[in-house]
Amino acid sequence: MRPAFYITTAIDYPNGAPHIGHAYEKIASDALARFKKLDGYDVFFLTGTDEHGLKMAQTAEKQGLTPLEWATKNATRFQEMDALLGVDYDRFIRTTDADHIASTQAIWQRMVESGDIYAGAYSGWYSVRDEAYYAEDETTVNPDGVRLGPQGTPVEWTEEKSYFFRLSAYQQKLLDYYDAHPDFIRPEVRRNEVTSFVRGGLQDLSISRTTFSWGIPVPGDPDHVMYVWVDALTNYITGVGYPDTTSESFQRYWPANLHIIGKDIIRFHAVYWPAFLMSAGIEPPKTVFAHGFIHNRGEKMSKSVGNVIDPFDLARAYGVDALRYFLLREIPFGQDGSYSHDAIVARTNADLANDLGNLAQRSLSMIAKNLGGALPAPGPLSDDDATILASADAMGAKVREAMEGQQIHNALAAIWSVVADANRYFAGAAPWELRKTAPERFGTVLWTTAEVVRQVALLAQPFIPTSAGKLLDLLAVPEDARSFATLGEAGRLVGGTALPAPVGVFPRYVEPEAPAAS
Ligand code: ME8
């Protein structure tokens with residue numbers, strides 16, 4: 001039986017169209033999920049939308065729609081984005097789904113039974129934009145007299161009847177848990193941030209609201225709806241069958257291996273979520289990994305500045321795989337990064353079109369032109385042939401190690417370092433000079449190059465699935481020989497195989513011509 005691997009993304013607020021930050025997280029999670037699938041795991045990949053809460057209710061009202069109409073309209077856009085970008089999830093969960101409502105009420109009930117929920121009244125600061133409560137000392141007042149939370153969003157004074165979760169009782173349990181599970185919060189910088197926040201002391205958390213109704217009703221007290229984060233976090237267990245903890249899927253996939261989220265929501269995932277789970281008698285997830293933020297040419301994106309980037313536009317302008325490659329290669333996963341036209345064009349043309357595209361195109365056209373499209377069989381290997389082949393064979397382990405540590409950019413760097421070596425090898429061997437004088441060497445160099453390209457394409461599949469698939473088509477690698485089990489010796493290309501006519505796989509980005517002056 002294949003080992004299980006359960007990976008999730010944050011569920012997005014469908015409070016408008018998706019932006020590049022949403023696309024980035026889904027693409028990265030998709031690459032991690034695809035990698036594990038190709039590496040022999042039984043993967044379950046969950047993503048979706050977070051549809052309740054005051055922010056959703058307020059914007060829906062402005063649009064003249066019911067919250068569900070507004071959520072549905074935008075959730076569709078998120079699904080279209082995933083389809084366009086090749087985000088190959090197993091379930092798209094919406095927090096308005098009936099099974100999720102039942103699941104959230106069930107975990108609430110478990111927390112009541114453990115004595116962790118009590119009735120009271122909340123008074124304090126609340127940010128609607130972050131859907132978060134903040135202590136007074138976390139807020140500041142800006143020069144215009146507006147009080148802001150730690151993420152720079154306005155907070156408002158809130159007073160209402162509320163149920164509370166006894167978070168204060170979990171301070172030591174959480175600290176002990178972090179100690180015993182060094183991989184629970186990644187990367188290190190986030191782990192330190194969370195640990196020091198928890199060391200500073202935890203207050204009980206207000207977990208229900210009575211001043212609006214767009215949420216999941218509290219069992220037994222329908223005047224209250226649950227705080228949207230109780231509802232949102234629970235999606236991760238609903239997705240695998242909670243509250244049926246004996247179900248095959250819950251048994252198989254929980255605890256999740258990896259929650260991928262952005263750095264702004266680490267506190268919810270690494271403090272509240274494990275505390276809720278401990279209270280309900282459920283094991284916490286294995287790893288919460290917080291990625292960084294994407295800025296537009298170094299500036300924070302915001303609707304009010306008008307510099308929010310539309311992922312649909314980017315995919316149309318550059319191509320899906322170029323966009324995926326750029327985001328995953330350029331930004332060290334876990335750190336902030338910047339998007340710019342020049343940077344994406346530079347990556348597309350240098351790494352994809354020149355380095356990998358030309359290598360494949362040049363070697364495969366020589367086979368087509370001179371050998372009637374039949375892959376040559378290798379003769380005895382020279383030292384150079386053996387060296388480049390050994391680098392290709394060693395690549396799988398390096399890429400795997402990087403991916404195990406969520407170092408997606410390093411995985412790509414490891415692949416493209418072999419691409420660079422292969423280009424040097426190809427230029428040094430100069431097969432175009434061997435064609436007439438040393439036909440056996442000619443064949444060996446072309447076979448060796450094609451075999452390196454095969455392994456590069458295999459390993460590139462999680463990141464640039466369509467283009468890598470096309471490269472494997474050009475090498476006549478059958479669909480059932482594309483998993484990582486075929487890396488190295490196990491899947492060597494066989495001399496004599498008929499290859500299809502080579503076509504370019506990685507178009508160069510050419511600036512569109514300026515419209516002619518009229
Ligand atoms: O936070 N760059 O939803 P959301 C990179 N519903 N990532 C970004 C980003 C940017 N510029 N902007 C946002 C929520 N993100 C909650 C999550 S999970 C149980 C509930 C990331 O639509 C952000 O960090 O505001 C988060 O991981 C995801 O996009 C959804 O953000």
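Residue numbers in this text run from 1 along the chain shown.
Yeah, the Cβs are placed from backbone N, Cα and C, and that goes for glycine too.
In TrEMBL, annotation is done automatically, which means it is predicted and not curated.
Matching 50-54, 300-304, 380-384 against TrEMBL, the residues noted as motif ''KMSKS' region' span 300-304. Residues 12-22 are the range that TrEMBL records as motif ''HIGH' region', among 12-22, 188-198, 331-341.
Mapped onto DSSP helix, strand and coil, the domain 'Methionyl-tRNA synthetase anticodon-binding' (376-506) counts 93 helix, 1 strand, 37 coil.
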